[in-house]
Amino acid sequence: MATNDINRMKELNELLAKAADAYYNTGVEIMSDKQYDDLYDELVALEKKTGVILSGSRTQQVGFEVSSGLKKIKHPSKMLSLDKTKSVEELKSWLGEHKGFLSWKLDGLTLVLTYEGGELVQAVTRGNGEIGEDITQNARHIKGIPARIPFTGRLVVRGESLMKYKDFERVNAEIDDGSKYKNPRNLCVGTVRNLDSRVTAERNINFFAFNLVSAEGYEENSFSARLDWLEQQGFQRVYGITVTADNVEGAVADFEKAIAENEFPSDGLVLMYDDVAYGLSLGETSHAPRNGIAFKWRDETADTTLREVEWSASRTGLLNPVAIFDPVELEGTTVSRASVHNLSIVKQLRLGIGDTLTIFKANMIIPQVLENKTASGSLEIPAVCPVCGEPTEIRTSDEDVETLVCTNKACAAKHIGKFEHFVQRDAMNIVGMSTATIETLVSEGFVRQFRDFYHLDDHKFKIVVLEGFGEKSYQKLADAVEASRNTELSRVLYAMGIPNIGRQASRLICAQYPTAEELEHLTVSELTAIDGIGEVLANDYVKFFADEKNLAEYHALLAELHIEEAAAVNSESAIAGKTFVITGSVHIWKNRNELKAFIEQNGGKAAGSVSSKTDYLINNDNTSNSTKNKTAKELGVPIITEEEFQAMVEK
């Protein structure tokens, strides 16, 4: 037995344990899924070669020991990971003469839900497979988890909580750059395990059931039929199809084609025996059940040469490393750049200009650097900011992640990012004000603070002679700036760029405090009293307005704008204090947004999803099979038409 093999096994276990701890407990990834899988496969091969399995080996464990402030719950039976394969032929062999159920392997956080008497009584994370965390309160805010179901016996169901790509981009955009999440899975984990349920409610987490563990008195033996039954109970279920050894190859190919259009992250497929009793009769190994197998596509990789590392500056001062390399073809597209995420990964990859990199697409979508084959480690970390020339600083987070930051508070890059945010559609909506235009105006000294956009006429004769400008283009821009003077208070608040205060949070705050003067004096307790505003957001908000420079810029901007007074809310209305949800098309109001505004103007609340707190669902089609309709019926929430709503208001 070679000592080198044993030493390598120890090293692999240390690497895998550290990665698993980060993955399960902090939501921070220190290596890609592919890197983890490759190291795991190497460890399995060495264990087979040597006949030795070290104490605490990662091949014998699931997840990682949970460590948070959430209550710990022991699972009735250990939750094991499925064995994996990258071979379609192995899937055929595994199925044999049996029928199987092939579905997405969703990439989120696995939850176990328990219902008794038709009520959700417990929701627990997978944790380390033996002990999970109680997130029952948060589960009530996750789409696809019904609070009440028709079935009244004891029911246990497993499924995946996850976040759509579009929601990931929306939420991540509102998070400070140094705290941004690497992918939807990490953000989902942080959201579901958050101690503040309001954070979960704000972020639109979805749940998809993938396995009915047990249902008291329910005898169905078909895996696929059991999922159909769960859907009838009000759950969202994972998409999948029944297959045999004869057609599984074609089915895998069809799933592969659908990846690019998938709105949810996935990291492969799961194949289960459709005959539930047969699958369970096979038992399990020490680390995996035998009734299912996971499939992962062989990642298409390409080698290329690193030409540059671009340090992209953000409005918070973070300098984000981006690898620029010779173009390569991957999964049908040309790729020439990939985010390296942070300084820790730059150091881990030992990057140097001219190095040979292996590139792949994570989940067949996002370009990433898999490895650096030459690992010269010669890349110089910028000592000064590439934008302003002032010193940079390396900062280390609580998770030991290093980032590079520009220390100059007056850095033009910070202003550019800040101004990009200010002019965007959801903020001041200055149409045609591009990044290139902002860079020019800032570098020429015409724009130093927000109010300066409204005084470009002071520099008109200098601007029209600049490259890319002219009389016509200047006038078009000036008209757009002028049009933006008439705006809503919530847009102004969002435009200020307060950390973590997004468009929705701005609306919520301004609905409660509708004058510009009130906004600058709010306290943490006043803010957290607003439904949907958590303590983190409140602290960031108060800290922002406590800064005299921020307050002065806010006052200067207000002097340039005309903000329409919000109409007084009719607290005497028949719908005041009631919560409504709108679904389907409308015909009395122009659109759903107009109806929503009417509800809020009359003292009601317009929510996005049906819950036990909903008073009425407005839907002109009572026979609709929509999720909101189904949920309303299950919860006993009255479903009314626009006409019935109108009559209610006129009482």
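Every residue number used here counts from 1 along the chain in the order it is shown.
Every residue gets a Cβ built from N, Cα and C, even glycine.
Automatic, uncurated: that is what TrEMBL annotation is.
The annotation NAD(+) binding site is assigned in TrEMBL to Asp33, Lys34, Gln35, Tyr36, Asp37, Ser81, Leu82, Arg126, Glu160, Lys296. Residues or ranges marked as active site, N6-AMP-lysine intermediate in TrEMBL: Lys105. According to TrEMBL, the feature Zn(2+) binding site maps to Cys385, Cys388, Cys411. What TrEMBL records for 570-651 is domain 'BRCT'.
Projection of TrEMBL feature records onto the structure.
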residue	record	Cβ contacts under 8 Å, 6 or more apart
Gln35	NAD(+) binding site	Leu370, Glu371
Asp37	NAD(+) binding site	Lys84, Lys296
Leu82	NAD(+) binding site	Val270, Ala288, Pro289, Gly292, Ile293, Ala294
Lys105	active site, N6-AMP-lysine intermediate	Ser266, Asp267, Gly268, Leu269, Val270, Ala294, Phe295, Lys296
Glu160	NAD(+) binding site	Leu106, Asp107, Gly108, Leu109, Thr110, Leu111, Phe207, Phe208, Phe210, Val238
Cys385	Zn(2+) binding site	Ala313, Leu319, Pro391, Thr392, Cys406, Asn408, Cys411, Ala413
Cys388	Zn(2+) binding site	Cys406, Asn408, Ala410, Cys411, Ala412, Ala413
**Complete:** The correct DSSP tally for the domain 'BRCT' (570-651) reads 28 helix, 12 strand, 42 coil
**Request:** Around the recorded Zn(2+) site, report the further residues of that chain (criterion: Cβ within 8 Å of the mean position of the Cβ atoms of Cys385, Cys388, Cys411; site residues excluded), sequence-ordered.
**Result:** Ala313, Gly317, Val384, Pro386, Val387, Gly389, Glu390, Cys406, Asn408, Ala410, Ala412, Ala413, Lys414
**Fill in**
Rounded mean pLDDT within the domain 'BRCT' (570-651) lands at 85
**Complete:** Excluding its own, the Cβ atoms lying within 10 Å of the Cβ of Cys411 (Zn(2+) binding site) add up to 19
**Asked** What does DSSP say about Cys388 (Zn(2+) binding site): helix, strand or coil?
**Response** coil
